[in-house]
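Straight from TrEMBL, the features:
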- 78-327: domain 'G-protein coupled receptors family 1 profile' (DOMAIN)
- 62-85: transmembrane segment (TRANSMEM)
- 97-116: transmembrane segment (TRANSMEM)
- 136-157: transmembrane segment (TRANSMEM)
- 177-195: transmembrane segment (TRANSMEM)
- 238-258: transmembrane segment (TRANSMEM)
- 279-298: transmembrane segment (TRANSMEM)
- 310-329: transmembrane segment (TRANSMEM)
Amino acid sequence: MAMIGLRGGRHHDDVIIRVAKGHWKKWVPLHTDRWVLDGHDNDTIPDGFILLGFSDNPRLEMVLFVVVSVFYMVTLVGNTTIILLFHLDPHLHTPMYFFLTNLSILDLCFTTSSIPQMLVNLWGPDKTISYLGCAVQLYIFLGLAAAECVLLLVMAFDRYVAVCQPLHYAAIMHPHLCHKLAFLVWATGIFGTLVQSPTTMKLPFCHHHQVDGFVCEVPALIRLACGDTHVNELQISVIGAVFLMGPILLILISYGHIAKAVLAIQSREGRSKAFRTCSSHLAVVFLYYCSATAVYIQPRSHFSQKRGKFLTLFYTVVTPTLNPLIYTLRNKDMKEALQKLFGRDRNRTSSVE
């Protein structure tokens, strides 16, 4: 962890930062009151980066620290609860909850790869992250984000088969296929990050090394580059089309068929159950895809630069928190599993007493 010391007035401060090997580096201010690393050229690998976030608004940072901390705790508790319920309740051993458990594992890893560093940046004056730490965060963050895009598509396919082919559901969505689809999800995430992350970290970064964001993600690092980034922008646009636009188009097509099938159901209770299950998944899809698409499709666009940090907060902090809430509070099976679990605990407590 780097240590920072401040010296001087507001507009003429120097920052002395101690890096891991015990050497002291000097950071000198730009005319915009932001920090710039002294002594690095564009063609050298930097010691680290400065994650600016909302450093120009300390009060907002304190508010965000509290909000992000609460959301992160809800994410940890909610997703861990879903994973435990799936393993403890045999009634939840179905394809739908198998994929939901994978989504919870993804969200736990996704948030943990970014939020702890974000909280450190929001809490104090130390906004730095090492080059290696930034690279590791980028690889994990991008890989898990790509995997979640594919997983949401797989979950839409599961709902399509359940609603449109109910008599053949058990034969189609057998455990062997479910495990293959889960493997595909994680493999595509690894593929996506191995394609984009190495070229991003090799960009000729500007000497001030100020990342205008909370985490090391591709759009913010592309905007930090001082050289030609057309290849990287084209690459991220293609990756975005494959992992964002492609899946959401297929999801909308599948839900078009699902809507027709739901309207054709004679039973009012059956229609209500199908609508609750599918609307929950559709809400998660739109929350995640819309915010991520706005940032990744055109990383240098005016909208991405001005609203990118808020959108990053949304799909990094808010969406993983809403996933367990949407799937548990609006899902009858999950609520029954929770009641059974707490009822079992009460019975054990009363028997002990």
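Placement of Cβ uses the backbone N, Cα and C atoms for every residue, glycine included.
Sequence-distant contacts of the transmembrane segment (177-195) (same chain, six or more residues past either end, CB-CB distance under 8 Å): 95, 98-99, 102, 138-140, 142-148, 150-151, 154, 157, 235, 239, 243.
The stretches the transmembrane segment (62-85) and the transmembrane segment (310-329) are in mutual contact, each linked to the other by at least three Cβ pairs under 8 Å (pairs 6 or more apart in sequence). Two recorded stretches are said to be in contact when at least 3 C-beta pairs lie under 8 angstroms, sequence spacing 6 or more; the transmembrane segment (279-298) and the transmembrane segment (97-116) fall short of this definition.
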